[in-house]
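What follows is a short report on a single structure.
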């Protein structure tokens, strides 16, 4: 185990700057003569670690709801901007619900249009809302704090080449964890996240290895919900105009109805196109095995490098949505079951479950 000089104080004090040597050699040799493991800082600021305040995250386990929605342990980021954006998402859904009910569906003259439109829209909106909740409350794949155990270092350290005397692993200078390959530190969550793509304020969470499926489902179902709402609005507006509003007398006055329908169409168009772009971007990242951060930094990972998961495009989709392919890929109620080769890695890298808020200091 490393010395605790590069860890934050136990009282959760504010940001600390702790000098560290460039390299921290560890006498971890499973057999005599094997290369030793060296821990280096994953930052250009050699010798200095900027240890941040405690994480803006909390874990809470509530067994009844865990069994209902499939979340074993809730994850929540305590960020004002993210909470505001996530709440605004639900306000938009409520606005669309009100307009469609009182301006489109209830005043509609056709009973079949009312029933079919209401069923399809509410099914899509329900799936979008559930996907959003899962994306918000699911751990995106954070690296456990204080993970510098002997077993973990031996597992994370890459094999040494011929003639090399060291096996190098990297420590995050902000949260002080040992970083697995392809993990990046989020300055908002204040944790390192495996396969981090980006931090999305609309879900108040990072998009990473643990919740990428739910983020894609959220953007996909929001896009479908938006475009179907646009169709309902245009269909109703055409009927109202064609009958000089005689068929829409049960709704608001024509100027009010026109304004609300126009507002919902514009909102649906903006968010529909935005979520389509986001969903397609995520799918491209999956099939190319490159995260958003890696694209920005110009890091191109190969299949054999950094545990890329490698192989076909189907293997990348199975890594995110679960293995084997099934209808559960489209369900926000089923957590993805990773391929067999990834299960051991997740078991050794996931923190133990807790029954109270996580007060780890970072």
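Keep in mind that glycine also has a Cβ here, set from the backbone N, Cα and C atoms.
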Given ranges 111-130, 131-150, 151-170, 171-190, the stretch to which TrEMBL attaches the annotation transmembrane segment: 111-130
TrEMBL annotation of transmembrane segment - which of the ranges 214-239, 292-317, 318-343 it falls on: 214-239
Surrounding residues of the transmembrane segment (214-239) on its own chain - C-beta under 8 Å, 6+ positions past either end: 93, 96, 99-100, 103-105, 107-109, 113, 117, 120-121, 124-125, 127-128, 131-132, 134-135, 138, 200, 203, 207, 247-248, 258, 261, 264-265, 267-269, 271-272, 275-276, 278-279, 282-283, 320, 330, 332
Long-range Cβ neighbours of the transmembrane segment (80-105) (under 8 Å; 6 or more residues past either end): 113-114, 117-118, 121, 125, 128-129, 132, 136, 188, 201-205, 225, 229, 232-233, 236, 251-252, 257, 260-261, 263-264, 267-268, 271
